[in-house]
């Protein structure tokens with residue numbers, strides 16, 4: 001091996017990696033119509049009733065290998081239709097007559113798990129498939145009863161509660177044939193890696209594994225090596241993904257303490273539709289909410305310290321449009337899927353640039369238009385440039401007529 005080859009293989013990290021944590025596709029088949037995927041009639045009805053007309057880039061590539069039973073690693077960002085990719089694959093594969101759990105989906109947050117459950121139920125509406133969200137913060141006894149009485153076809157959950165139910169044998173792995181890890185980068189970084197591995201040990205060795213992730217840091221790929229067999233790798237490249245359709249601006253606020261006044265000046269603009277404001281810490285979410293209320297601005301807030309009931313009520317009000325401005329943290333960036341949101345404000349720039357797309361990818365899902373406004377202090381300028389470079393995008397200074405763009 002020559003020296004240049006040697007250094008190249010080192011730079012590339014694990015097999016199937018290109019530099020910069022991007023996987024290399026090894027599957028080129030594209031099916032550009034749902035009708036050509038050999039899906040059941042009742043599932044197709046659900047897909048069209050849900051409002052899908054043509055499969056998105058990830059759906060055109062990943063549904064088929066998933067249905068064929070391959071292990072699949074799919075790299076695609078938020079807003080590309082990846083939830084429906086695995087939901088359709090699961091619904092096509094389950095045996096409706098078998099009253100047993102046959103597919104298990106893990107997600108990093110409760111909100112995301114509930115959202116996935118809603119998508120599965122909607123797509124499977126004409127099939128009579130059952131799907132249950134197995135998440136922390138809910139009544140354990142009621143959950144145990146549901147699992148024992150009904151044995152839902154599909155379980156979507158967070159790692160802690162799912163492991164607990166498997167461990168206590170209320171959830172049986174016997175018929176689980178498909179295991180999906182959604183937002184795998186988020187789950188495998190910190191905390192959940194061990195729990196996922198423990199869950200995996202309880203599943204049958206021939207269980208199909210599907211892993212979806214916006215980013216592919218090397219530790220994610222290392223973990224996939226432990227529990228995936230010759231996976232199909234599918235990359236939906238950044239340019240097919242979606243900062244497209246989202247106008248990105250920054251406001252030069254110079255100093256942190258000037259952000260609040262700037263936000264209040266923007267408030268009238270925010271309430272034209274619905275807006276999400278992202279902040280980096282839970283404490284600061286509470287602080288900003290208090291400050292806004294003290295100035296008689298109506299805002300609602302949500303973060304991980306709140307109990308599940310409270311979070312559900314807040315999300316319900318926001319989804320229905322009765323609350324118009326939601327202040328939240330990155331934890332929930334991946335669980336807010338509200339069609340009407342066309343404005344996202346980064347009160348704080350994300351500490352982790354990968355989260356930028358999760359935050360603003362909300363606004364312009366499937367090519368819907370959206371506006372993102374970043375508040376930038378002197379210290380933030382380098383981070384902003386870094387984000388521009390990372391996503392190969394341009395973020396301009398906010399024009400005075402921003403209200404006309406929303």
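Keep in mind that glycine also has a Cβ here, set from the backbone N, Cα and C atoms.
Look at Swiss-Prot and you will find 1-21 tagged as region 'Disordered'. Per Swiss-Prot, the feature N-acetylserine maps to 2. Feature annotation from Swiss-Prot assigns phosphoserine to 4; the stated evidence is a large-scale study or a structure entry. What Swiss-Prot records for 76, 77, 78, 79, 80, 81, 82, 83 is ATP binding site, and it gives sequence analysis as the kind of evidence. Look at Swiss-Prot and you will find 118, 174, 193, 238 tagged as N6-acetyllysine. The phosphothreonine annotation in Swiss-Prot covers 158, and the record cites a large-scale study or a structure entry as its basis. Annotation comment: Swiss-Prot describes 182-185 as motif 'DEAD box'.
Structure with Swiss-Prot features highlighted.
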residue: 76; record: ATP binding site; DSSP class: coil
residue: 81; record: ATP binding site; DSSP class: coil
residue: 118; record: N6-acetyllysine; DSSP class: helix
residue: 158; record: phosphothreonine; DSSP class: coil
residue: 174; record: N6-acetyllysine; DSSP class: coil
residue: 193; record: N6-acetyllysine; DSSP class: helix
- Item | Least buried by Cβ count (within 10 Å) of the recorded positions 80, 81, 82, 118, 174 | 174
- Note on the structure: the residue listed as 'phosphothreonine' and residue 80 (ATP binding site), compared by Cα position, are separated in whole Å by 22
- Nearest by Cα to residue 83 (ATP binding site), of the modified residues 118, 174, 193, is 118
- Check: min Cα-Cα distance from residue 82 (ATP binding site) over modified residues 118, 174, 193 goes to 118
- Fill in the CA-CA distance, residue 81 (ATP binding site) to residue 118 (N6-acetyllysine), as an integer in Å. 14
- Query: Out of 76, 83, 158, 193, which of the recorded positions has the smallest number of neighbouring Cβ atoms within 10 Å?
  - Reply: 193
- Local confidence of the prediction over the motif 'DEAD box' (182-185), expressed as mean pLDDT: 90
- Item | Residues of the motif 'DEAD box' (182-185) by DSSP state, where helix covers H, G and I | 2 helix, 0 strand, 2 coil
- Query: At the Cα level, what's the spacing in Å between residue 76 (ATP binding site) and residue 193 (N6-acetyllysine), rounded?
  - Reply: 20
- Query: Given the recorded positions 80, 118, 193, which one's Cα is the least distant from that of residue 174 (N6-acetyllysine)?
  - Reply: 193
